[in-house]
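First comes the structure, then the notes that go with it.
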Amino acid sequence: MEKTCIDALPLTMNSSEKQETVCIFGTGDFGRSLGLKMLQCGYSVVFGSRNPQKTTLLPSGAEVLSYSEAAKKSGIIIIAIHREHYDFLTELTEVLNGKILVDISNNLKINQYPESNAEYLAHLVPGAHVVKAFNTISAWALQSGALDASRQVFVCGNDSKAKQRVMDIVRNLGLTPMDQGSLMAAKEIEKYPLQLFPMWRFPFYLSAVLCVFLFFYCVIRDVIYPYVYEKKDNTFRMAISIPNRIFPITALTLLALVYLPGVIAAILQLYRGTKYRRFPDWLDHWMLCRKQLGLVALGFAFLHVLYTLVIPIRYYVRWRLGNLTVTQAILKKENPFSTSSAWLSDSYVALGILGFFLFVLLGITSLPSVSNAVNWREFRFVQSKLGYLTLILCTAHTLVYGGKRFLSPSNLRWYLPAAYVLGLIIPCTVLVIKFVLIMPCVDNTLTRIRQGWERNSKH
């Protein structure tokens, strides 16, 4: 073998396989990048082009022929052209008969056509073995070698031998083939590169709605109300003070919403007396988004920490502290030290620090590189047991912050309670229901149901 692929980590290194010729139809960015990668890994590459004489920028060592001549050189042909230009393949039906056609194309939008591109290709050339692959790898990644985050290649096809040959090529290129089954899976594979954060939409939309609602709520209480009754201009609070109330409330609410669907699912299973009935679609989607909800919540918690750290350097805080000091000096008064206030203040800060530490720990363990290194019991312990402990600490942090002001009528403005009171509704609800669910009389029944027992079983 004259060349070896530096980036390749193949499972099997068969010399005869590495010397085989691969044909690539199309000389665009992806076709050239894939051809270069194959040349580096020892394959012979033949490009098929409609204008072989005018083709430029191809990797050295590759041969360029017409489509029909190039197809005769190899048993595997990679179709690196768009679906709109597949029609010419019908003219090569006899040449392509019995060959493996690898469809790598993607569409501009999801469900652009009634069938997948691979199925359409199989319909155009019924005598060929069509395999879908390489559509999740970009040309830039192939050229730069930046494949650490995208080494997985989804492969599907109706012919198992053809699919296996393509998967061998994928391995020899240093990538990881993922067998997705028959060609019917091609439609889902083609949707994958076109999706834009599908599991992040609900968390983003929900957090945006919460932030907007809390912003207007705080503006009404802290800006409009003082202006109406006291003629005070508190608009400067919209820069730091109000966001520093919105972010922790949103973080705590989203964290509670991570564990609320699990509580609802447990109640449904107890009510139904079985685990063999499917959850509603909205609950199923909600449970699938829990990781994203938690990470968005962690982001808001980080913002809360950053905004809190800048409080001492704010002009308003320095002015208020200096003005209070001068006033006390003029009046010759001093505030006596309050042990109870010191306890409340230190407890509030300590609970916040511990809660944020566990919050960060939850975020770290949700990373694929970390979650793959622990077993299921360890992962469940961190995400469930420590997760609820995090929720308890963060809720206690907010409760201690409120102190005695929860029941104070002077804290109501236009009969509206402080924003942090709203932020405690969902977390406290989740914790109360969870406390009921972990009681032995309830937990034992729930455990039996999740192990397959049915209340109304006929067997």
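Placed from the backbone N, Cα and C atoms, the Cβ positions cover glycine too.
Sequence-distant contacts of THR27 (NADP(+) binding site), defined as residues of its own chain at least six apart whose C-beta falls under 8 angstroms from its C-beta, comprise PHE47, SER49, THR55, LEU57, LEU58, VAL64. Taken from Swiss-Prot, the feature NADP(+) binding site covers 27-30, 49-50, TYR67, 81-85, ASN106, ALA139, ARG171.
Around GLN383 (FAD binding site), the same-chain residues six or more apart in sequence whose CB sits under 8 Å from its CB are LEU362, THR365, SER366, listed in sequence order. As annotated by Swiss-Prot, FAD binding site applies to TRP140, ASP148, GLN269, ARG290, SER366, GLN383.
Remote same-chain partners of the transmembrane segment (202-224), defined as residues 6 or more beyond its termini with a Cβ less than 8 Å from a stretch Cβ, comprise 234-235, 237-238, 241-242, 245-246, 249-250, 253-254, 257, 285-286, 289, 292-293, 295-296, 300, 413-414, 416, 418-419, 422. Annotation source Swiss-Prot lists transmembrane segment at 202-224 (among others), citing experimental evidence.
Look at Swiss-Prot and you will find 236-256 (among others) tagged as transmembrane segment, backed by experimental evidence.
Here Swiss-Prot flags 247-395 as domain 'Ferric oxidoreductase'.
The feature transmembrane segment is assigned by Swiss-Prot to 293-313 (among others), with experimental evidence given as support.
Feature annotation from Swiss-Prot assigns heme b binding site to HIS304, HIS397; the stated evidence is experimental evidence. Around the Cβ of HIS304 (heme b binding site), a 10 Å sphere holds 22 further Cβ atoms from the protein chains shown.
Per Swiss-Prot, transmembrane segment is recorded for 342-362 (among others). A Cβ distance under 8 Å defines the sequence-distant neighbours of the transmembrane segment (342-362), meaning residues of its chain 6+ beyond its ends; these are 251, 255, 294, 297-298, 301, 305, 382-383, 386-387, 389-390, 393-394, 396-397, 400-401, 403.
Packing against the transmembrane segment (381-401) from elsewhere in the chain are residues 248, 251-252, 255-256, 258-259, 344, 347-348, 351-352, 354-355, 358-359, 361-362, 365-366, 374, 420, 423-424, 427-428, 430-431, 434: each is 6 or more residues past its ends and has a CB under 8 Å from a CB in it. Swiss-Prot lists 381-401 (among others) with the feature transmembrane segment.
According to Swiss-Prot, the transmembrane segment annotation covers 419-439 (among others).
Between the binding-site residues TYR67, TRP140, the minimum number of other C-beta atoms within 10 Å of a residue's C-beta occurs at TRP140. Within 10 Å of the C-beta of ASN106 (NADP(+) binding site) there are 19 other C-beta atoms, taking all protein chains into account. Taking the Cα of TYR67 (NADP(+) binding site) as the reference point, the closest of the binding-site residues GLN269, ARG290, HIS397 is ARG290. In this structure the alpha carbons, written CA, of HIS82 (NADP(+) binding site) and HIS397 (heme b binding site) are 57 Å apart. For the transmembrane segment (293-313), the residues of the chain that approach it from at least six positions outside its boundaries are 200, 202-204, 206-207, 240, 243-244, 247-248, 250-255, 257-258, 356, 359-360, 362-363, 366, judged by C-beta separation under 8 angstroms. For the transmembrane segment (419-439), the list of distant contacts is 214, 217-218, 221, 245-246, 248-250, 252-253, 255-257, 259-260, 263, 266-267, 388, 391-392, 394-395, 398-399, 401-402, 406, 446: same-chain residues at least six beyond its ends, Cβ to Cβ under 8 Å.
Checking each of the binding-site residues (TRP140, GLN269, ARG290, HIS304, HIS397) against ASP29 (NADP(+) binding site), the C-alpha distance stays within 10 Å for TRP140.
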